[in-house]
Amino acid sequence: MNAMLLQRQAMDKHGMVVTMDVKGKILSANEKCSELSGFAEHEIVGKYITAFDITNISNSDISAIFSALALGNIWQGEVHSLRKTGEPWFVFATVVPVVKKAPLVDHLIVIATDISQQKRLEKSLSEGRAFYRSITDSIGEGVYAVNAEGKTQFLNPAASRLLGWTLEELQDRRFHDTVHYQKGDGTLLKREQCPVNLTIRDGKSYTSYEDFFTDKRGRLFPISIVAVPLLNNEGKPDGHVGVFNDISSQKAIEHKLQKAYDEAQSANKAKTDFLATMSHEIRTPMNAIIGLTHLALETQDNDQRQQYLEKVQKSSNALLELMNSILDFSKVEANKIDILDEPFTLTKTIDKLAQVFQVKAQQKQLQLLFDIRCSTKIRCSGDSEKIYQVLLNLLSNAIKFTETGHVLLKIDKRGNELGFSVSDTGMGISDTGKTKLFNAFEQADASISRKFGGTGLGLAICKRLVELMGGELTIESKVNEGTNFAFSLPICIEDTEPSDSLLPVSIPSEVLCIQTHKSVEQGCQILCQTLQRFNIHCLIADPNENLLPKQADFSIVFLPVDESSWKSFLRHVQFGEYHELNCNVLISPFSKEEVQKRIGTSLSKNIRIIELPFTEGELISALSPLHASTNKKTSEGLESKKWRTKRLLNKRVLVVDDDLISVEISQQILKDLGVNVVTAMTGELALALCKSNTFDAILLDCHLPGITGYDIAETLTHKEGCYTPIIALSADETNEASEKALSAGMCHHLVKPATADEIVHTIDIHIHAGYMEITPPSETDAFIASLLSFYDTYSQRSVMSNLLNIFHEPTHTSQLLTELLADAQKIGATTLERCLHRFMEAKQRPDTINAKHISDISFELDATLRLIAHTIDKSDVGNECNENSDVDNASLRSSLKEVKQALEAYDARALELITALAARHFGLGHSHTLNQLKKLASIYDFEGALVVAQSLIDEINNDRTE
């Protein structure tokens with residue numbers, strides 16, 4: 001009994017003991033219960049358990065607990081209550097049912113331990129954690145913590161925001177493997193190589209601005225980071241805490257600053273390079289232009305003047321291409337040169353080089369020879385313009401430094417490579433000169449610059465360009481013997497050369513080549529090799545060493561510069577020794593005019609003269625008198641002058657340019673087509689003219705002094721609502737310049753100096769940008785019928801779907817493209833034809849096809865269809881007298897009133913009425929205003945259209961009263 005009493009006393013001291021019945025009525029309570037609750041025993045006994053004002057268990061939950069206890073189940077849990085004084089107190093209670101007679105529970109014993117102090121400590125710790133969390137949460141930088149295993153233990157909100165991960169998602173992951181596993185270049189950063197882990201392992205802090213994190217979406221971004229080790233009781237690292245921030249914006253600013261600095265440095269150097277290169281490279285075509293212009297002004301022979309001017313035009317085009325090339329050259333030193341990978345053949349490159357250097361070689365009486373030992377039609381892929389630039393420079397130097405003898409361009413095929421070499425019989429280069437030959441701004445000898453000009457920049461650029469294209473420029477030279485530059489490029493995309501099956505049937509099968517002097521021996525051999533590639537047997541005969549054959553079906557005479565050889569040849573001709581040899585072609589280093597002067601009437605007037613260097617095309621034409629170019633423009637074509645004039649007759653175009661010569665050129669080009677041209681040389685005058693006049697198109701120079709072309713376009717299109725097509729003219733060929741022009745409201749961007757065809761075609765398609773119903777004329781000729789057939793075939797919606805299918809299946813040979821090309825050639829749609837040719841070339845390399853090819857074809861086809869519509873509408877204009885040429889103003893006024901009513905009512909039928917009205921009056925009085933009215937209505941600017949309609953009605957009324 002005493003033992004039980006002691007046990008009871010010990011329990012009373014340790015915890016609260018309460019007995020109650022199964023309904024919760026308190027039967028007894030020990031002293032500890034009174035102590036904890038603040039209630040005296042007599043205030044507790046007899047009351048129900050709910051009297052303790054339990055705060056963490058609801059009454060419904062208490063009822064459920066008692067139901068479980070009544071069934072004999074034990075319950076344990078925390079009980080939170082309030083003392084009599086209102087202070088909170090907490091116990092951990094165990095309620096045990098007491099069963100005297102199974103299965104009924106007789107009463108319940110509650111044994112509870114005071115946990116109030118523990119709860120107060122927990123609250124204090126929770127408040128401390130909340131305080132420190134509020135600090136980390138308020139920090140704008142990301143904060144994370146990892147344990148010794150590298151697993152994430154903590155992330156503040158900023159870290160979650162920057163990384164895209166929550167703490168719950170990262171808790172089972174290693175922080176490094178999830179976030180810090182990549183270097184800046186995207187390569188793997190192993191955990192054992194991680195600079196953060198390595199530094200923390202040594203117990204040191206880590207600071208860096210060069211690390212990268214990867215967020216949940218996979219975005220790699222630069223960070224600044226400070227990581228501090230967490231130490232255990234032994235002072236050893238047991239994880240670390242890191243503070244980091246996304247510094248992408250700072251890095252971008254640093255990059256921009258560095259880029260700006262580099263660009264400033266590069267621009268400074270590029271300016272010097274550009275000026276130096278201009279001096280060095282422009283001379284050849286410029287000399288040709290100056291010389292030929294002088295000759296054209298001096299000669300009284302119109303045919304000869306025409307020939308001179310044709311060559312001036314060729315050299316001018318070459319000079320333009322050269323200037324474009326020089327602009328590219330200025331980028332070489334800054335490593336900004338773009339090497340293209342596009343399909344091409346050698347034909348165009350060789351022909352251009354022949355045109356540029358032919359006159360220059362003639363002036364120095366040099367033999368300029370092109371030894372092409374492969375088909376010029378062989379399919380290549382690379383940057384043809386850069387190859388042309390390199391050869392242009394090498395040939396220019398060779399001719400410049402050669403006084404007598406020859407300059408030779410040789411091209412041969414070596415597997416998938418093409419070998420290029422330029423050799424001469426000039427002054428040569430010493431071994432010392434070779435060492436500095438490819439250095440920018442240096443020449444082999446200082447005296448060279450004084451004698452020949454130039455800066456020494458050309459060869460340095462050539463070397464870099466060749467290297468960028470995958471080759472190496474080499475040199476072999478001996479003083480007073482000559483020099484040879486050579487390089488090879490891996491640009492062939494087919495192993496076999498294309499056959500020359502398309503050669504004219506009238507071409508001879510055998511040719512006699514007469515070598516009149518030892519100096520033309522190499523030229524004769526090259527001629528013979530070229531003919532053999534065409535399967536033409538060639539026999540070389542030297543009349544100075546052997547007797548000539550008695551007769552030949554076809555002969556080519558190769559003459560040198562040497563005067564004695566000419567005299568000897570002409571003497572033999574006079575004696576009849578060449579009579580049976582059928583001398584059909586004569587080749588020499590002189591111009592055609594000079595050769596004609598020398599031979600006089602000694603030979604047939606039908607003899608064909610070829611100037612060096614001879615090319616494949618010239619040889620084929622000379623060998624076959626029946627051979628005619630298949631690319632001549634038809635005089636009846638859609639883009640011929642005849643139909644351009646009919647479409648553009650009496651159109652009004654404003655030409656705005658501050659350069660008088662440019663204005664005169666544009667003015668004359670357009671006047672020749674019957675266009676009424678108004679000119680302005682300032683932006684202020686242009687704006688004033690636009691306010692007081694109506695124009696069909698505006699040709700606008702972008703870089704005017706004062707008010708620029710961009711400002712004018714923005715004012716007219718954005719502020720004054722002008723819908724006249726504005727065509728930009730700019731010397732800036734960059735994409736940025738084009739985008740700037742379009743955003744300013746211009747509809748097209750032409751690069752100066754634009755050709756006459758480019759200017760006219762652009763104006764033509766934009767003046768005739770609107771669609772119109774086609775009404776076939778009562779009588780149609782074959783050409784108009786072909787236009788109608790083309791329109792009916794290609795205005796179908798299915799055509800565009802088929803074009804898109806070609807884009808998705810680039811290797812598929814399209815019947816549509818073949819037919820479209822043939823039909824475009826038939827109607828003379830030359831711009832569409834050229835576009836299709838470019839696409840056909842790209843199809844040889846499917847990987848080069850892109851959406852722009854399809855976009856270009858779509859645009860040109862659409863423009864062609866619109867030109868056809870307007871051409872058919874004009875087909876009867878001028879053929880017969882139009883009895884109704886005076887517009888029935890009363891009818892027009894009546895129709896306009898109906899249009900006005902529809903516009904005022906915002907009736908969509910207004911567009912239909914205006915379209916019909918514009919079609920009826922197309923090309924007649926007020927057609928321009930009606931077209932402007934149609935454009936406004938087509939974009940549902942009914943208010944603007946209403947203003948134009950009322951203005952036209954007033955104008956007609958004024959005409960009636962005058």
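Quick reminder: no glycine exception, Cβ is built from N, Cα and C everywhere.
Note: TrEMBL annotation is automatic and uncurated.
Quick look at what TrEMBL annotates:
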- 17-47: domain 'PAS' (DOMAIN)
- 75-127: domain 'PAC' (DOMAIN)
- 128-180: domain 'PAS' (DOMAIN)
- 207-259: domain 'PAC' (DOMAIN)
- 277-493: domain 'Histidine kinase' (DOMAIN)
- 652-767: domain 'Response regulatory' (DOMAIN)
- ASP701: 4-aspartylphosphate (MOD_RES)
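Residues 11, 62, 66, 69-70, 81, 83-85, 87, 89, 91, 97, 105, 107-112, 114, 116 of the same chain lie 6+ residues outside the domain 'PAS' (17-47) yet bring a C-beta within less than 8 angstroms of a C-beta in it. Applying an 8 A CB threshold to same-chain residues 6+ apart, the list for the residue listed as '4-aspartylphosphate' reads VAL656, ASP657, ASP658, ASP659, SER662, GLY709, LEU729, SER730. Break the domain 'Response regulatory' (652-767) down by DSSP state and the numbers are 54 helix, 24 strand, 38 coil. For the domain 'PAS' (17-47), the mean pLDDT of the prediction comes to 88. Residue counts for the domain 'PAC' (207-259) under DSSP, helix first, then strand, then coil, are 12 helix, 30 strand, 11 coil. Counting residue by residue with DSSP, the domain 'PAC' (75-127) contains 12 helix, 33 strand, 8 coil. Sorting each residue of the domain 'PAS' (17-47) by its DSSP state yields 11 helix, 9 strand, 11 coil.
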